[in-house]
């Protein structure tokens, strides 16, 4: 089944979700809303991308709408989500990627315009969070607003699940070495709530907070309170890497751990958790659609119960692909209950 999807917010994730949708057989983007971008500029921003290259296809503007690969995509410029007429295009599922409407109440405004479900492309304080390959099967169709969690949680959770299912995680700490994002500064500037975050992104390694590790406890309840973490923002434009250090109950050699992760990447988590023994660096992962790419040669163990694991992720491309995979999955569940 092909799911008709609308995107609210044509920023970094909104555009990368759109690009991914071109490669996704189950998804058709039928409408986009962004009050700060006019259609001609939206065409330009979709066509050219400094990180992921030029758009592979045709894009044009027809009136106030986009035409992508010969198909019309309605373009709206509404500030109020409740005023977007999603029903005009049959957009049943909405990607909420503004970064503004991240609560159930705020994101529910899309339902007034005819949307059936809203998927927030960010963590949410109160909407149920789902991570593909981890807890998506717990979705029962009852929630109209859900969250795809964060890019870091999508990298960490599948790996943590495999380790916990096989060796039982006692406790752990995570550091994500994370590329800079749009919220950071090009030069030193005011940032009253996060002084370090106000320093220039391209010149500094900047320690920062992240809720990604604690959020794993929401999608894997058994790990609630057992993981926490932090972030180091670094001067790279894209691709990040999780460093997960855990104490495990069932002792195992590093080779045994590698084998378990490799097996999972070829089985139930194929396409979500990937595995490599190549001598890779961050740029090699640019455009990788997996949520988490386990780097077998980068990890180390101190003993059979204490291990450091390393997993890469394209925090833009891989995450955006999961947003669409989640939509495809929930649409099938919803259809089965109709």
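Counting begins at 1 with the first residue displayed.
Any Cβ shown, glycine's included, is placed from N, Cα and C.
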(request) Can you match one of 34, 278, 284 to the NAD(+) site that Swiss-Prot gives for 12, 13, 79, 315? (result) 34
(message) Using only what Swiss-Prot says about D-glyceraldehyde 3-phosphate binding by 150, 151, 152, 210, 211, 233, identify which of 104, 181, 186, 276 is listed for that site too.
(response) 181
(request) Would you kindly give the Cα-Cα distance separating residue 151 (D-glyceraldehyde 3-phosphate binding site) and residue 13 (NAD(+) binding site), rounded to the nearest Å? (result) 11
(request) Using a 10 Å cut-off, grab the number of neighbouring Cβ atoms around the Cβ of residue 79 (NAD(+) binding site), all chains included. (result) 10
(message) So, three-state DSSP: helix, strand or coil for residue 12 (NAD(+) binding site)?
(response) helix
(message) Let me make sure I understand the structure: which of the recorded positions listed (12, 178, 233) has the fewest other Cβ atoms within 10 A of its Cβ?
(response) 12
(request) Within 10 Å of residue 12 (NAD(+) binding site) by C-alpha distance: pick out those among the recorded positions 150, 152, 178, 181, 210, 233, and say none if nothing qualifies. (result) 181
